[in-house]
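Beneath this line is the structure, given in structure tokens, with notes to follow.
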2 protein chains.
Amino acid sequence: MKIIEGGVCAVEGILAGGSRKGKYGLGILYTGKSTATAVFTSNNIKAEPLKLTMKNLKDGKLSAIIANSGNANCFTGPEGMEDAQRMVELAAEGLSIPEDRVAVASTGVIGRKMPMNIIEPLTQKVLGNLENSPRGSRRFAEAIMTTDTFPKEFAVEFKLEDGSTARIGGVAKGSGMIAPNMATMLSFITTDVKASPSQLKEALRTAVDETFNMLIVDGDESTNDMVILAATGKSGKIDDNFQEALNLTCKELAKMIAKDGEGATKYMEVKVLNAKSQKDAKRAARAVAGSTLVKTALFGADPNWGRIIAAIGYSGAAIKEEKISIILEGENRKIDLIRAGEIIASGDSEELKIARDLMKEDKIRIIIDLATGEYTAKAYGCDLTYDYVKINAEYTT
Amino acid sequence: MKIIEGGVCAVEGILAGGSRKGKYGLGILYTGKSTATAVFTSNNIKAEPLKLTMKNLKDGKLSAIIANSGNANCFTGPEGMEDAQRMVELAAEGLSIPEDRVAVASTGVIGRKMPMNIIEPLTQKVLGNLENSPRGSRRFAEAIMTTDTFPKEFAVEFKLEDGSTARIGGVAKGSGMIAPNMATMLSFITTDVKASPSQLKEALRTAVDETFNMLIVDGDESTNDMVILAATGKSGKIDDNFQEALNLTCKELAKMIAKDGEGATKYMEVKVLNAKSQKDAKRAARAVAGSTLVKTALFGADPNWGRIIAAIGYSGAAIKEEKISIILEGENRKIDLIRAGEIIASGDSEELKIARDLMKEDKIRIIIDLATGEYTAKAYGCDLTYDYVKINAEYTT
């Protein structure tokens, strides 16, 4: 597997472009005659573009995605649905494709009418700059940013079992309000493998469960999240190698989102080992990564394992105090905090000194061995900082 | 029902006292030959004093409570259990009561050995200052404070159905790390009604479910929470009037804890009306009060109803967008944000201007009418501020 340049445009035949005006952005992705699938937010309130995309993707056929930032087009009723429909029409007309092969996505403030007077000219502009190039992918990635501080792209080339070379490319936007089951997160992934919609669905669900759904910024879950996977079918057949490459793509995009959490200064991975069940492993990892007390301790560079223990305890995972081990891992070193229930890093111990120093690094991995079974899970998160409060206290309606 | 002075000592025969030394505090409550019940944290990791109190309270008999602040005596193993046992012994010896009639509680940092060299002399000191007076209750309330900024006491006098006068008194400590199902929260409640342990249990469970369990500061749940209810039996029999007074006592103590949330500048009540089920009402109320995005909007005085809508959506409660109404209520005014799915407070509307002004008040009530059924619930919370981050980033192990 080889990491390559080009984002979504690393895949042959994919055209991308984007443009911004003030706080609004618009991106278009042309995928030709591709098969596709999507995963949507589990929030009971879904934005209008999601409802329309769900309908248009039912047959598993996709030719284009149009996405905007700055306005979520959520809780906007029939008028919002008309605006989403209008965006689909604009893309379909411009690209000479059927409307029901267009997906539409939005991200931004909830409950405001779409500024179609800005969206329409932006769409026309972007229709004129679509290209199969790293620049096209980058423009798209930048167009869908909201409080993101950098565009998120990833692409990989790999061999299928039948010997053919295949590619996967993706873009994402995220930042705040990310929680299990995806929140204010958009990701669009392209590939050239040959696959039926149901094969793609299975593959995307598997990848999302382990990656985007294990990503926690603030525990809130948005009304607008979606991940779309589109396959052009120009390379070989979908197989396990594809799954592995897709998992990697989703994981790398999820990590970029965690690193770019609103106001975040530190990135955290929580790895749970030897849990009694897969569910236990996941909920323990998520509870620790999502704990505001762990997140503030991370910000304060405090190896406060008591808060980690408390979060494991309330996660609901089966535990035995005397079996738990907790290890902190930094760039080039790791240190035991708890070893099989025994407190290692405390008082004047050398371990606590090292742990305090290690916590100053900007990427921290917390490894938790529950020693009650054989299941593993990872969660991705970040610290909770003054700037998170600032960004979210000042982001006005 | 009449609100009275005296906290736990409002009840005849109850003796209380407390003292502090540096960051440690110790309080003792003597309840005579009382029946008692307790509710404990649902965290899978329970501090040593909880384990011992569970054992000692099994027979429903209680004569004293000894509680310390500054050290949670959690994840401290057999040595921690010995220390908890030693605290019980000290109280039992000093009060000439059986050890199995003593409850013990701790709150503070996890994973540190109890400073028994400080706890023992403090205990002797407190044993010498026990009294049935407002001062005794206040000393106890102050002794169990950690990051609390004020002591929490409440007492009420009421008539039982049989005509006799009865009283309930309570103290609590809370502040950060409060979540549904109680977190780093201690509350001790006394009464003079006559009741069996199982009657008390039923009554306490009912009250806690609607009050302490609807209290959210940061969503983390502690290893040390407990609420104890002790009844001396010197007044009339337990009845519905008692339940009402107990609900009020727990509610008022819960509200004090919410107001004293770490770093909080504003208090918030979330009231959900006309939900399809009791569970739906509770989870919608909790999701909104617990949303970090709603909490930061509260801090920023931003009437961002989009975040409220998003939280209702991910709470899992049954909703219909076109039926939801949201009202903001301040001290002397209320304003519609959403009325049956229609956005009222937006753009240049007078309502949005009023809502912005109203959000500057320090007690805000968010009323959500789901119009899908007939169930109601309330949750209690506070804003998320720079100071919350500061307190928790700097609170070292």
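The count begins at 1 with the first shown residue.
Backbone N, Cα and C atoms are what each Cβ position is placed from, and that goes for glycine too.
No curator has checked TrEMBL annotations; they are predicted automatically.
For reference, TrEMBL has these:
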- A:T146, A:K173, A:T184, A:E262, A:N392, A:T397: substrate binding site (BINDING)
- A:T184: active site, nucleophile (ACT_SITE)
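Here the features listed in TrEMBL are placed on the structure.
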{"residue": "A:T146", "record": "substrate binding site", "CB count, 10 Å": "21"}
{"residue": "A:K173", "record": "substrate binding site", "CB count, 10 Å": "29"}
{"residue": "A:T184", "record": "substrate binding site", "CB count, 10 Å": "28"}
{"residue": "A:E262", "record": "substrate binding site", "CB count, 10 Å": "27"}
{"residue": "A:N392", "record": "substrate binding site", "CB count, 10 Å": "27"}
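Under 8 angstroms separates no C-beta among the binding-site residues A:T146, A:K173, A:T184, A:E262 from a C-beta of chain B. For the recorded site, A:N392 (substrate binding site), the DSSP three-state label reads helix. In the three-state DSSP assignment, the secondary structure recorded for A:T146 (substrate binding site) is coil.
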